[in-house]
Amino acid sequence: MVQRAVPSIGPSLGSSAPGFGTDGIRGRAGTELSPALCLQVGYWIGRVLKADGPVLIGMDSRSSGSMLVAALTAGLTAAGRDVWELGLCATPAVPLLIREVGAAGGLMVSASHNPPADNGIKVFGADGTKLSAERQARVETGLRGEVEDDGPSRCGRSVQRQDLLRSYQDKLLSSVGDRRLNGVPIVLDLCWGSATACAAEVFQTLGADLTVLHGQPDGERINVACGSTQLDPLRQAVVAQGAVMGFAFDGDADRMLAVDARGRVVDGDHVLYLWGSVLQDQKALPGDRLVATVMSNLGFERAWERRGGELERTPVGDQHVHAAMVANGAALGGEQSGHILAASHGLCGDGVLTALQLATLCHGQDIALSDWLDRSFKAYPQKLVNVTVPDRARRKGWSSCMPLQEAVLQAEASMGAAGRVLVRASGTEPVLRVMVESEDQSLVDRWTQHLAAMADEHLNAA
């Protein structure tokens, strides 16, 4: 294979080129995710996308967003692509608008729930789905300089198209039909992020009596002690305000967690169970099947089976849920973390849309979320521990660590069919995730502590 630099964007990155993780490319903004890198990423994405039309770019509120968008735009236009900049928006707005305007693809500059200093790039193709593994590999090959490229025949241009976001808000409102929230007291935690661009407006349009927390875009405070990763502010506000429910979003608003009037957490498993039950009763759930990941609670699975349903599990990542739903014609799927995908709403995780569905379904059926939660299922005790490990261990070394594997087998034998163990490497952070769940809390505590200690001892050895 011929190695050559692309003159318009500088030398190739060689072996130091980053790869795509479970949700695009992420890293510390300015260093791991530098403007120089984004210039090349933009260029190779522009060359890999095959459809005609502009490339859309949105971003969350992080302070580094404008810098990275500028670099990506430079790379894309160097690749001959026209760029339409959407500005601050929720991630699900990008795939929706790609399909609506016939774009060649789109990018979202966000690190989702990560700290403010991080940032990332999510990439979508012309169909609005995440860029395929094959095309991701082609971008990576280009970054390493392992492909010939004669360059484009033209230079693209960039225009501002924030006006398109009105179409996304209209889609949110139309998703609930004629259901309304007149006078319903609701609290929203917008976590200083993308949800500030639209969530409060659509809830107010539907008539909700709204209290908003962290409601302005703030790139230095996004996800800091708020939002879906820290629910205490929302729980306290819901109880103090006497609200019937509250919703917290992550940095780019593609996921959502709720709390009821008593401050109890309603996670993605509960949303799937509750929304799935409505669809099942309406005979609108093919095969009575829900799709979730290996992280979903065993109590959820057992309860759904008692309703006569089937729960299909996938690896972690909404792209895996999406693939399974498409393959099997499923109507609803998602992740415990709050990514919910509905076939009737474009199969794209959308935290604001999910919150609207949950709120209007409750109000339309004249049932409080707390009562609905009581009727759902009792989650098995579940504990997740993150063990910081070297990158080489995170990528593949942990799976061949015999002491850790033997400890996992011991834990599984101890709990039998009433428990589960899941050890997996994070796709976005330098950690190994150790999860244990069982009907017996003492077993959960015991085995989580033991497995985390084994991972730390053997994977962090000098």
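Just so it is clear, glycine is given a Cβ too, placed from its N, Cα and C backbone atoms.
The candidate list Ser112, Ser376, Ser399 contains one residue that Swiss-Prot assigns to the Mg(2+) site with Asp250, Asp252, Asp254, namely Ser112.
What surrounds the Mg(2+) site, by Cβ distance within 8 Å of the Cβ centroid and not counting Ser112, Asp250, Asp252, Asp254, is the set Asp60, Thr91, Ser110, His113, Gly193, Ser194, Phe249, Gly251, Ala253, Arg255, Gly351 from the same chain. Its Cβ placed at the centre, Asp254 (Mg(2+) binding site) has 31 other Cβ atoms within 10 Å. Asp250 (Mg(2+) binding site): 29 other CB atoms within 10 A of its CB, across all protein chains.
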